[in-house]
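A.B. asks: Sending over a structure as structure tokens; questions will come in a sec.
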């Protein structure tokens, strides 16, 4: 397998990657170190309710609750999933614009093209998630939160695999349809439904089974900031990524391309 598509993708998207890395470093460094100040001012004495529960946000008054609510239930997933959905639509965008045929005219088959795109997206995800994780660790240390670094890394790993999973689903939608707009819509719908299923499933009696259908549950449902690593849940996300990529390869290889 040649490296041209992999390196070309990274080169063409390097500015976007730098911008996302800056944003994913800045957000934790703004919010996380502020915990001590907010707590001293009594600004975190917030009573939970249906609205906060629906967003997956809990007890702001504890270090673990504050970090979970701000970084791992709201801001982190929001930013990383927007990143995943926008970056993973590259192939569909090129098919929409009619430039995909230029790549396929090279000595590379469809499977190699898509696998190299997947590898590039995985590398980009590794960069932004690592930057985000380092910023959270630095912010937690500066605020003296007392949360074990291993637990923070477990939460970051879950969020990283969730990002890969949503990106792989976006890739699948693009490979199956060839339209960037459709891929964006499908991936956004899956992300929103998964988010709601995970959070609302925990609020409604008899609806706990809904959480098991959501990738968000396997990213943070076992409270990694409290309990640490859950290899089984992380493996479930990895399997989801593998299945989505496999289906993408099958769909992309068999479909008549609009080029």
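Cβ atoms are placed via backbone N, Cα and C, with glycine included.
Pasting the relevant annotations from TrEMBL:
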- 16-34: transmembrane segment (TRANSMEM)
- 71-93: transmembrane segment (TRANSMEM)
- 114-140: transmembrane segment (TRANSMEM)
- 152-176: transmembrane segment (TRANSMEM)
- 183-204: transmembrane segment (TRANSMEM)
- 231-252: transmembrane segment (TRANSMEM)
A.B. asks: Of the listed stretches 16-34, 71-93, 114-140, which one has the most C-beta pairs under 8 A with the transmembrane segment (152-176)?
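C.D. replies: Most Cβ pairs under 8 Å with the transmembrane segment (152-176) come from 71-93.
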A.B. asks: Count, for each of 71-93, 114-140, 183-204, 231-252, the Cβ pairs lying under 8 Å from the transmembrane segment (16-34), and report the range with the highest count.
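C.D. replies: Out of the listed stretches, 114-140 contacts the transmembrane segment (16-34) most.
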